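Noted in TrEMBL for the protein shown:
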BINDING   10, 11, 12, 13, 14, 15, 127, 201  ATP binding site
BINDING   31, 36, 57, 58, 59, 85, 86, 87, 88, 92, 162, 173  AMP binding site
BINDING   130, 135, 152, 155  Zn(2+) binding site
DOMAIN    127-164  domain 'Adenylate kinase active site lid'
REGION    30-59  region 'NMP'
Ligand code: AP5
Ligand code: MG
């Protein structure tokens with residue numbers, strides 16, 4: 001299964017990707033997670049990406065495309081993958097098509113998780129994420145809080161709030177989504193692989209709808 005998850009910031013791409021990993025045994029490739037890890041590790045990539053991320057803008061295509069190509073070449077992607085947060089604009093989508101065509105693994109589905117913008121602000125300001133690289137479980141103080149405040153239910157690691165989940169940065173991210181990423185809905189519609197799912201409601205019910213779409 002070769003899937004791209006589309007959707008605005010806070011639509012639930014990461015939340016659903018984690019569940020898809022368990023069900024299909026294929027890896028999630030989240031460019032946001034890779035970039036945040038690089039920022040935390042203070043690598044050259046992280047230093048380069050940080051200011052773009054903090055402002056809510058996109059990291060340059062050259063940087064992100066290189067990361068994704070490298071990740072897709074790893075052995076665990078042979079059976080398939082879930083791209084989360086990539087592509088983010090038409091140039092990235094065209095490059096991805098080229099890379100996948102060259103290895104004979106075209107995309108099968110681009111799945112858009114649709115949520116109204118007024119819901120997204122609350123989701124993003126309330127988001128808390130497990131600090132453990134191996135877990136990364138997401139919670140929400142308004143909708144799905146951890147049992148113990150600030151601690152992951154799954155692995156007991158501390159939870160953190162993302163630097164870009166501040167109200168003014170969220171607004172910029174939503175503007176960038178509208179201007180640059182939303183046009184990909186048309187892009188994949190024209191390719192005949194777009195599917196859509198309503199991303200509001202119970203997380204497990206949304207996941208069940210996604211599984212029926214992917215069948
Ligand atoms: P990235 O990490 O990709 O962030 P994003 O697209 O803004 O999306 P989010 O991760 O914020 O939302 P999500 O859809 O994963 O929602 P989640 O499941 O967490 O990118 C961050 C930055 O990195 C970008 O701004 C950019 O600078 C850079 N970047 C990344 N990729 C790039 C690229 N390709 N090119 C250039 N730059 C790039 O859910 C959100 C919250 O809602 C959670 O608290 C969750 O628990 C809750 N929730 C989920 N589902 C539900 C539900 N059904 N009901 C109630 N609550 C829910
Ligand atoms: Mg995410």
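Cβ from N, Cα, C; glycine included.
The shown structure was predicted, so the numbers you read here are calculated from the model rather than taken from an experiment.
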Densest Cβ neighbourhood among 130, 155 (binding-site residues), 10 Å radius: 130
Set of same-chain residues at least 6 away whose C-beta sits under 8 angstroms from residue 59 (AMP binding site): 31, 35, 48, 49, 52, 53
From 12, 13, 127, the binding-site residues whose CA lies within 10 Å of that of residue 162 (AMP binding site): 127
Number of helical, extended and coil residues in the region 'NMP' (30-59), per DSSP: 22 helix, 1 strand, 7 coil
Site diameter for AMP, Å, by largest Cα distance between 31, 36, 57, 58, 59, 85, 86, 87, 88, 92, 162, 173: 24
DSSP-derived structure type at residue 152 (Zn(2+) binding site), helix or strand or else coil: coil
Three-class DSSP secondary structure - residue 130 (Zn(2+) binding site): strand
For residue 15 (ATP binding site), the one of 88, 130, 152, 155 that lies nearest, given that the binding-site residues are compared by Cα: 130
Among 10, 12, 201, the most crowded of the binding-site residues [Cβ within 10 Å]: 10
Mapped DSSP class for residue 12 (ATP binding site), helix or strand or coil: coil
Distance-selected binding-site residues near ligand 1 (C-beta under 6 Å), from 130, 135, 152, 155, 162: none
Number of Cβ atoms other than its own within 10 Å, given for residue 135 (Zn(2+) binding site): 16
Spatial neighbours, same chain, of residue 57 (AMP binding site) - Cβ under 8 Å, 6+ residues apart: 172, 176
Residue 14 (ATP binding site) versus residue 130 (Zn(2+) binding site) - Cα distance in angstrom: 13
